[in-house]
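One structure below.
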């Protein structure tokens with residue numbers, strides 16, 4: 001969550017400094033220095049708090065990955081979640097780049113200027129995710145995880161349509177916030193399911209695999225959609241983006257929506 005917050009703060013600072021990247025770099029270096037000094041100052045406390053490591057038989061990364069995949073394959077729900085997480089990240093990770101490219105060529109979507117528009121639109125996703133993570137009450141908390149996947153994808157697809165239309169920046173901002181809100185609901189739910197469903201000795205391996213699969217989706221989405229934007233045009237890229245989102249919703253409804261979710 002801290003990463004999401006400070007990504008938004010960083011975007012605002014860049015705009016406030018009129019894209020003076022030398023000053024931004026100095027600020028970044030200063031924060032790293034302060035972090036290092038804090039770790040050095042509290043090093044003794046960290047050493048005391050660190051749990052004792054139990055020596056175990058070393059297993060190669062490939063073998064460990066294979067064992068984890070075979071274990072998850074027997075857990076039909078979690079295996080499906082990992083597959084969907086990959087494809088959702090294909091779409092989600094490419095949005096920031098597509099927004100930046102769109103705003104470069106479509107001034108009707110600007111709010112004051114290009115820099116502020118980029119900062120606000122990217123921040124709305126972050127603010128939505130934070131809000132979704134923090135707000136724990138309401139009807140949304142009772143929705144199954146597969147419904148949350150489908151809803152977040154539907155708003156992602158609508159975001160794509162709003163950028164194709166490119167007549168209302170405020171509509172896009174609202175859609176980005178709502179999309180981020182539901183994504184913020186998904187991440188804690190997945191973490192809770194993993195903690196409840198996976199034995200402690202396999203927890204680190206499963207969590208690492210989930211993060212790895214999510215990260216693999218990012219370069220795939222950026223290569224695909226930003227490639228289409230550069231070769232054919234940004235409107236075609238958003239069109240492919242929206243079609244992909246709605247197609248994945250159909251797959252979820254037909255194949256995954258009725259799966260039994262672990263209760264906790």
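Using the three backbone atoms N, Cα and C, a Cβ is placed for every residue, glycine included.
According to TrEMBL, the protein carries these features:
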DOMAIN    28-264  domain 'Major facilitator superfamily (MFS) profile'
TRANSMEM  20-39  transmembrane segment
TRANSMEM  77-99  transmembrane segment
TRANSMEM  111-135  transmembrane segment
TRANSMEM  147-165  transmembrane segment
TRANSMEM  171-188  transmembrane segment
TRANSMEM  209-229  transmembrane segment
TRANSMEM  235-257  transmembrane segment
Checklist line | Remote residues contacting the transmembrane segment (209-229) - C-beta distance under 8 A, at least 6 residues beyond either end | finding: 65, 68-69, 72, 82, 85-94, 97-98, 101, 190, 194, 236-237, 240-241
Margin query: Contact between the transmembrane segment (235-257) and the transmembrane segment (147-165) is defined here as three or more C-beta pairs under 8 Å separated by at least 6 residues; is that satisfied?
Written below: yes
